[in-house]
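Since the structure comes first, as structure tokens, the remarks are kept for the end.
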Amino acid sequence: MARSLYEWLWQHEFWLPPGITWEDMQESEDTHYPKPRDLLLSIPFALILVVIRCAFERAIALPLSTKLGVRDKQRPKAQPNSVLETFYSTRRKNPEEGELLSLAKQCDLPVRKVEKWFRRRRNMDRPSLSKKFSEACWRFTFYIISFFTGLAVLYNKPWLWDHRECWTGYPQQPLQPPLFWYYMLELSFYWSLVFTLPFDIKRKDFKEQIVHHAATIFLISFSYCANYIRIGTLVMVIHDASDCFLEPTKIFNYMKWKKTCDSLFMIFSAVFLISRLIIYPYTVLYNTYYYSMEIFQPFFGYYFVNVLLIILQLLHVFWSCLIIHMVYKFILQGTMEKDMRSDTEESDKDEEGDKIREKEKNGITYFSNVTSNGYIQRNGSQPLDNRAHLANGHAKER
């Protein structure tokens, strides 16, 4: 059964253009082609990257955050409460009004205190500023290394300058060692992101990030197996170009360097929109969809790789809409608003509102007590009685 499935999966009709079989892809001493089993190396490499990341964040990023003045906000902790904790862990983190009333009765607490407990409990689960800083530092370091590695590998390759060269001699294009290691670097990194998903910062586009990682891993893996190496390297360099500016934007935002952050964000926006909405569609989509047809007829691999590339483009459009909205706000307000993908603290305004309401309540109580006694004390003077005694011994009603 397994052998039949294996033979069906690796039919040359799926992976190779019409007229080409696996016999035509035989290797020699000087000629090597991509082999699917090579991709297994990305798993241990990904685990090594995870270890390197943990060491980097602990030994470099965290001490650096302290030196640069990144301070974690002191958050009030939620008081231990088994009933509320059970509901929070098993049901939902943000209960509805009816559930708040029910929980308040069970715990014999005011509804407002139950709301405050859930608000503080949610804030306890939110990542600290130092964690965000460390994650951004690691990604920035990798994207810089990856981007310049890609440029070093591709600067003398003909398909970087003439995109039709991506298909010259396809699929019998020998695999060069620098291209192999560049592929392993990128694929291992995205596998490492999948492995650390449960521990990484979850933003509002968490689902889109999962789709992006899955599409990227499938695209890199399939392009390797089908020897779409040349087009794959272009995709990776284009993506890394804008990411090199995104992560330092976050870093300076955490450092409260507002002007530097705003400037980098505008540069990132320009690079992202140009690379993902102009260069990527022409260099990759048009190249893969149209130029490749000058060399061979359509086959399953052709349709499959184009579907994956279009999924990436749809994600580009989604993120571009968020970026354009933030740029529009920046132009109107003169300052960049918070990252729309980030989850914000709830305690600031809510806690302050509770304190204000408490002060107003205390003030009303004090004013009520004062007026009910029939006098108002001003500037520390003695209270005035209802009747003021005059020097001649007569009383005057006030």
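Every residue gets a Cβ built from N, Cα and C, even glycine.
Annotated in TrEMBL:
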TRANSMEM  39-56  transmembrane segment
DOMAIN    67-128  domain 'Homeobox'
DNA_BIND  69-129  DNA-binding region
DOMAIN    131-332  domain 'TLC'
TRANSMEM  136-155  transmembrane segment
TRANSMEM  180-199  transmembrane segment
TRANSMEM  264-283  transmembrane segment
TRANSMEM  303-328  transmembrane segment
REGION    341-398  region 'Disordered'
COMPBIAS  352-362  compositional bias 'Basic and acidic residues'
COMPBIAS  365-384  compositional bias 'Polar residues'
Touch test for the transmembrane segment (180-199) and the transmembrane segment (136-155), at least 3 Cβ pairs under 8 Å: yes
For the transmembrane segment (136-155), distant same-chain residues with Cβ under 8 A (at least six beyond the ends): 53, 56-57, 60-61, 64-65, 178-179, 182, 185-186, 189, 233-234, 236-237, 240-241, 243-244, 247-248, 250-251, 254
PLDDT averaged over every residue in the domain 'Homeobox' (67-128): 82
